[in-house]
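*Asks:* Structure incoming, see below.
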Amino acid sequence: MKILLKGGRVINPENKFDAVADVLVEDGKIVKIGAGIEDKADEVYDANGKVVTPGLIDLHVHLREPGQEAKEDFESGSKAAAAGGFTTICTMPNTKPAVDSAALVRSLKMRAQEVGVVNVEIIGAVTKGQEGKELAEMGDMLEAGAVAFSDDGHFDPSAKVMLNAFDYLHTFDKVIINHEEEPTLIEDGVMNEGHRSAMLGLKGRPTVAEDIAVARDIMLAEYAGSKVHIAHISSARAVDIVRQAKKRGVKVTAEATPQHLTMTEECVNLFDTSTKINPPLRAAKDCEAILEGLKDGTIDAIVTDHSPHAQEEKDREYIYAPSGFPGLETSLGIMLTDLYHEQKLDLPLIISKMSYEPAKVFGLNAGKLSEGAQADITVIDPELEWTVDEKEFYTKGSHSPFVGRKLKGKAVLTMVKGKVVMQDGKILD
Ligand SMILES: NC(=O)N[C@@H](CC(=O)O)C(=O)O
Ligand SMILES: [Zn+2]
């Protein structure tokens with residue numbers, strides 16, 4: 001089976017390739033990239049005016065299997081990923097039970113093979129049951145195919161447990177991803193602490209909770225000589241702490257979400273729980289710091305933190321609703337509309353932070369649009385105008401704050417291992 005993608009703007013962040021070219025795919029691999037490829041193909045796709053990129057990669061999604069399939073499962077979540085232009089997603093272990101054993105990693109990898117529309121990678125827990133006490137069997141999980149470790153969705157383990165975890169992982173060269181908020185400073189908090197939380201009468205979660213958690217984990221990783229990856233960074237101070245650590249040579253990487261880049265605490269109102277997320281939406285100066293961090297290399301990856309919940313849960317009152325919203329189907333559109341078209345970030349940088357660089361953070365063999373690579377490819381129409389409509393989502397999750405927004409730019413084709421799995425917004429069988 002040969003597929004030819006003709007005449008698109010091909011961007012490969014790995015070697016900074018950015019030119020109009022054809023891409024020939026055969027038997028699941030990219031076999032040729034260049035101008036005017038004449039080979040006869042079974043299918044020819046006209047990519048004129050579109051952008052052909054490495055398949056997008058999301059290091060931070062919550063697919064809710066096992067145990068909470070009413071919120072999301074591997075099938076619905078991976079369809080949402082394909083619709084959003086992602087070819088690889090990495091799912092977090094805050095499930096029921098938590099993914100803390102090799103047996104669970106293996107069974108999820110089988111589920112991914114059976115029902116996954118895109119590549120689904122498994123993140124294992126750092127501690128047993130994500131309870132923050134005893135280390136989980138990380139070595140066994142690695143052998144079973146886990147790509148990273150995290151207690152995300154729960155509070156950070158104590159310094160002592162974290163140091164043990166970093167020491168343990170040192171020899172394996174894998175990252176620990178931490179949700180960075182010091183638990184004693186955020187109890188019952190539902191939004192950023194500041195003027196707005198006071199006005200709304202809501203309990204706050206201060207940025208200092210994030211700042212000291214980031215500082216602590218960087219210092220622990222530095223001491224152990226291990227790798228740490230900062231989850232969904234949201235505070236300006238934390239961005240600077242990562243910047244300074246990188247300068248000293250600490251093996252630290254960081255990710256940010258489109259929502260923390262483009263929305264602030266001013267968006268929070270008591271009658272719309274879609275803005276309730278952890279860490280919370282912050283202030284404009286924090287958004288600006290995240291933007292700077294992306295530009296100067298402090299922040300390595302854009303992730304969605306896709307966190308679907310059932311409609312009835314998000315329909316609760318603000319203080320009782322669970323935090324998080326589904327982001328796989330809006331991430332690229334928001335990045336293109338609010339950052340590329342607003343001339344805040346250029347297209348190659350956005351693509352790099354959504355494919356090549358995240359692959360490097362986890363050591364995934366992906367994120368490259370080069371001859372010989374697996375044919376995981378996304379075709380993007382940067383000018384396509386569309387409106388976010390919850391009814392068209394493949395995710396089971398509801399309550400995205402982006403519903404109703406008019407966006408410019410969308411993935412129009414997603415190819416996984418040489419097979420077109422999404423075209424023009426529709427998942428193909
Ligand atoms: N980000 C969120 O607001 N929610 C996440 C958990 C988490 O990342 O803390 C979830 O699993 O729902
Ligand atoms: Zn988190």
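Using N, Cα and C of the backbone, Cβ positions are placed for all residues, glycine too.
Any TrEMBL annotation is an automated prediction that lacks curation.
Below are the features I grabbed from TrEMBL:
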ACT_SITE  ASP305  active site
BINDING   HIS60, HIS62, ASP152, ASP305  Zn(2+) 1 binding site
BINDING   HIS62, LEU63, ARG64, ASN94, ASN278, HIS309  substrate binding site
BINDING   ASP152, HIS179, HIS232  Zn(2+) 2 binding site
DOMAIN    49-235  domain 'Dihydroorotase catalytic'
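What does the local environment look like for each feature on the list?
*Replies:* In the three-state DSSP scheme, ASP305 (active site) falls into the coil class.
HIS60 (Zn(2+) 1 binding site) carries a strand DSSP state (E or B). In sequence order, CYS90, MET92, ASP152, ILE177, ALA231, HIS232, GLU255, THR257, VAL303, THR304, ASP305, HIS306 constitute the residues six or more apart from HIS60 (Zn(2+) 1 binding site) in its chain with CB-CB distances below 8 Å.
Neighbour count (other Cβ atoms within 10 Å of the Cβ, all protein chains): 27 for HIS309 (substrate binding site).
According to DSSP, HIS179 (Zn(2+) 2 binding site) sits in a coil region rather than a helix or strand. Around the Cβ of HIS179 (Zn(2+) 2 binding site), 22 further Cβ atoms fall within 10 Å across all displayed protein chains.
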*Asks:* What's the CA-CA gap between ARG64 (substrate binding site) and HIS179 (Zn(2+) 2 binding site) in angstrom, rounded?
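*Replies:* ARG64 (substrate binding site) to HIS179 (Zn(2+) 2 binding site), Cα-Cα distance: 17 Å.
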*Asks:* Ranked by the number of other Cβ atoms within 10 Å of their own Cβ, which of the recorded positions ASP152, ASP305 ranks first?
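*Replies:* Comparing the recorded positions ASP152, ASP305, the most crowded Cβ belongs to ASP305.
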*Asks:* Suppose we draw a 10 Å sphere around the Cβ of ARG64 (substrate binding site). How many other Cβ atoms does it contain, all chains included?
*Replies:* 26
*Asks:* List the same-chain residues at least 6 positions away in sequence whose Cβ sits under 8 Å from the Cβ of ASN278 (substrate binding site), in sequence order, or say none.
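*Replies:* ASN278 (substrate binding site) has long-range Cβ partners HIS179, GLU181, ARG205, SER323, GLY324.
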*Asks:* What is the average pLDDT across the domain 'Dihydroorotase catalytic' (49-235)?
*Replies:* 97
*Asks:* Taking only the binding-site residues HIS60, HIS62, ARG64, which have a CB closer than 6 angstroms to any atom that belongs to ligand 2?
*Replies:* none
*Asks:* Which of the binding-site residues HIS60, LEU63, ARG64, HIS232 have a Cβ less than 6 Å from any atom of ligand 1?
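*Replies:* So the answer is none.
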